[in-house]
C-alpha cells in the first residue's frame, strides 16, 4: 500500500509531559475532529464522493469531445440526479424557496424540454407528438440566449466552485454550466445532432435555412433574434418573482439555532433575496436592505432592478457567441477556469489554513511563537 501524500513522518517522538500541553493538544484535536465532521456531514466528503466527482469531470469531457450529439442526454441524466439532490439539500437547510430563483426554474424547464426530446426520438408516434415543440427554432434561440447570457456569466459572478466531493457545490454549478455547454454542442455540431435525432431539435444544421433571406439558418440569426426571446423569458420570470417577493417572499426568514456553533444565524424558509442581502453587505446597503427590517419592500425593487441589469446586460454579446466559434469557446473556457479557480481556493483553504486559523483563535493575542498573533 502506497503512503498518502499527506502522511506525516512515521515516527513522532512523544515529548509532552506537562498537563497544560496535553490539554492544549486535546483542544486542538477537538478542532480537527469538528472540521472533519463538518466536511463529512455537511459537504459529503468521502473517498466515494471524490471518486464520483473526478469521474464525472472525465466522462463529461469525453462525451462532449467524442460524441457531442449525445452530450444533452448525459446532461439530462445528471440534471435529474442533481435536481433531486438539490431538493433534498435545500429541504434539510430550509432553503426550498431557493428553487424559485431563475437558475433553478430554468433548470426545471431544461429537464422538461430534454425529456420531451428524448421521447420524440423514441418512436415515430411520440415524434409526431413532441417534435413540433422541441424542434422549434424560437425555442432553441431562446435557450441559447439564456444559457450563454445570464447563466454563463453567473458562474464568475457568484463564484460557483468545482468542488469534486461536494453535492452542494455540484448542484449549484451544474444549473449554470450545463446549459451553455449543451447549446455550444448543438450550435457547432448541429449536423451531428440532426443525424442522430432527425427533426427533434431546432438546431442550425446544413439543411435548415431562411428562404426569405436566402441564407442558412445559422447565418441569418441576428443578435436581436437571440436577445428578444431570451429577455422576454427573463422578464416573464422576473415579473412573477417580484410579485411573489412583495406579497409573500419578503416575510420569510425566521431565525433558528446556528449549526455547529457558528455565529452566523441560519434562516427558516430562506430566500435567495434574503441570503444575498445578508451575505453581500455592500450590495444590501445599495439596495437599502436593513437586517432589522428584512421584510421592507423597497429593497426588493432595487434588488430586482440590479438583477435585471445583470441578466439582460450580457445578452448584448449573444450575436458574438452565435457567429464566432472561437469566441464561444473562449466564453466556455472562462466559465471552466472560473469554477476551477474557485474550487482550488476551497481546497487550499481547507488544507492549508482552516485548522491553523481555528487553533490560533485559542491563543492569547501576545502568545503565538513568542510574539503577536498575525492579523
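A Cβ is built for glycine as well, from the same backbone N, Cα and C atoms used for every other residue.
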Please identify the range among 23-43, 65-85, 170-190 that TrEMBL labels transmembrane segment. 170-190
Before we move on, state whether the transmembrane segment (325-344) and the transmembrane segment (170-190) share at least 3 Cβ pairs under 8 Å, counting only pairs 6 or more apart in sequence. yes
If you count every Cβ pair below 8 Å, which range out of 45-64, 98-118, 138-158, 170-190 shares the most with the transmembrane segment (226-247)? 138-158
Going through 98-118, 138-158, 170-190 one by one, which has the most CB pairs that fall under 8 Å from the transmembrane segment (300-319)? 138-158
